[in-house]
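Here the structure comes first, spelled out in structure tokens, and everything after it is commentary.
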């Protein structure tokens, strides 16, 4: 007798047996031999199911997970690097260099990378300054104009350098500054150590930009503030902002020769609601990567 031909109590299909029948289970479930119920099948018990990726069992299914910066490729069965620089939402303001599982943001000419997300420059980075000693070989750490042509293809910001044609001719529109044709620097300063600056006090005034800071990450545009954490009890230094550039300068107070130790930090300016919206639209560690590292830069300014 075929019990499956007619009314039966099976919700997910019926299988006729000699002298009886058995209810089937939906995909991702197995029938428990004792309880006669459908229970979740743990597909992750098959060690090869996700290849090199890690397996996460879910109710009735499973997920293959990769570290941040990688996507799971079902055909290859492994984790493939995500080229963030080729995405329409280019994360960088001045140039992007893809790395294994991440990316590096370049800086404008004359600036140095300070951590992930910030660029620093100023009169202290002139010849013989920290830029020459700690910035590294600029020729080896800079993107050529041809490399930045690739950055343009990969979603280079509209305000950045214009695209160069493959035949090498100059496509710069009339009136566009030749400054935009310069290379983008990937040179960096070591912010783990105190950076030393020497200035002749007679050559300085309160309008000189001792240091300049600008965000390298596009998500920090108009959403970051640079401030002096400590070392400025007498109010001899100040950080102001103008046209997206934050700069450290002397105040009008009388300053004496000597050594001054400062720590300069960055503070992302996002409201709680804005942060919640970003987290809802992206994965949970989106903010860690997109907002970069909090800048903690220790400097020693010696005035003589």
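Keep in mind that glycine also has a Cβ here, set from the backbone N, Cα and C atoms.
Database features, via TrEMBL:
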{"type": "DOMAIN", "residues": "40-76", "note": "domain 'EGF-like'"}
{"type": "REGION", "residues": "159-181", "note": "region 'Disordered'"}
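Each residue in the domain 'EGF-like' (40-76) gets a DSSP state, and the totals come to 3 helix, 15 strand, 19 coil. Mean predicted confidence for the domain 'EGF-like' (40-76): the pLDDT average there is 88.
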